[in-house]
Amino acid sequence: MSEKRYILIDEKIEPKGAFDKFKHFIAATFKLDLLVGLKITLKQMLFSKSHTLKYPMQKMELNARYRGIHRLLKFVESENERCIGCGLCEKICVSNCISMKTSLGEDGRKKVASYTINLSRCVYCGFCADVCPELAIVCGQEYEVASENKILFGTKAEFLTDDKFLKDQAEFEGYGALPKNADSLVKKTPNALTNEDKAETMDINLKGSSDV
């Protein structure tokens with residue numbers, strides 16, 4: 001049986017004298033790889049746009065689907081609140097941080113008397129905005145929620161759109177909003193199909209009576 005021989009390929013030779021140490025220092029300092037990395041660093045530093053902002057004077061532009069502090073919307077035309085007091089947002093909240101009280105108004109419609117959100121417990125999952133049938137509660141783009149208080153509540157008056165800013169309120173396109181092609185995605189209901197069958201039957205009967 002032949003004897004196996006192992007060869008150490010990447011063996012580093014330690015410099016012995018002062019001159020050898022100097023040569024080793026120069027070779028390690030001015031390697032080509034170092035210059036390549038330095039070139040990339042200088043290129044990004046001198047010729048690229050800055051990725052930092054002077055906060056709080058400058059703030060980042062967020063996507064419309066960012067899940068920030070909640071907002072309660074109104075109808076622009078009638079200035080009425082969109083919320084119908086169904087309570088779906090309160091039921092679906094995984095953090096149990098939404099609380100609302102409703103009562104019947106003079107017109108017999110349900111009114112939201114109070115609406116609070118515990119922002120210190122909210123995980124900003126967006127389920128409340130997703131389940132809302134009237135697009136009354138939406139996720140805004142406000143993200144500054146730092147506070148010295150352990151409990152931070154937001155009230156209905158703080159979330160609701162002020163009347164003086166209502167004219168500037170655009171149709172919400174963020175988290176929970178319907179897509180622009182929502183109408184084309186709606187399928188026909190059984191009643192619509194029944195009405196079409198009735199219309200076709202009436203057309204056949206009319207044609208038959210005209211032939212007679």
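Each Cβ is built from the backbone N, Cα and C atoms, and glycine gets one as well.
Since this is a predicted model, take the numbers as computed values, not measurements.
In TrEMBL, the [4Fe-4S] cluster 1 site is described by Cys83, Cys86, Cys89, and among Cys125, Cys132 the residue recorded at this site is Cys132. Counting neighbouring Cβ atoms within 10 Å of each of the binding-site residues (Cys83, Cys93, Cys125), the lowest count belongs to Cys125. When each of the binding-site residues Cys86, Cys89, Cys122, Cys128, Cys132 is scored by how many other Cβ atoms sit within 10 Å of its Cβ, Cys86 comes out lowest. For the domain '4Fe-4S ferredoxin-type' (74-103), the list of distant contacts is 110-119, 121-123, 125, 127-129, 131-137, 160-161, 163, 166-167, 169: same-chain residues at least six beyond its ends, Cβ to Cβ under 8 Å. Residues of the same chain lying 6 or more positions beyond the ends of the domain '4Fe-4S ferredoxin-type' (113-142) and with a Cβ under 8 Å from any Cβ of it are 62, 64-73, 81-84, 86, 88-89, 92-103, 149-156, 159, 172, 174-178. Rounded to a whole number, the distance between the Cα atoms of Cys89 ([4Fe-4S] cluster 1 binding site) and Cys128 ([4Fe-4S] cluster 2 binding site) is 4 Å.
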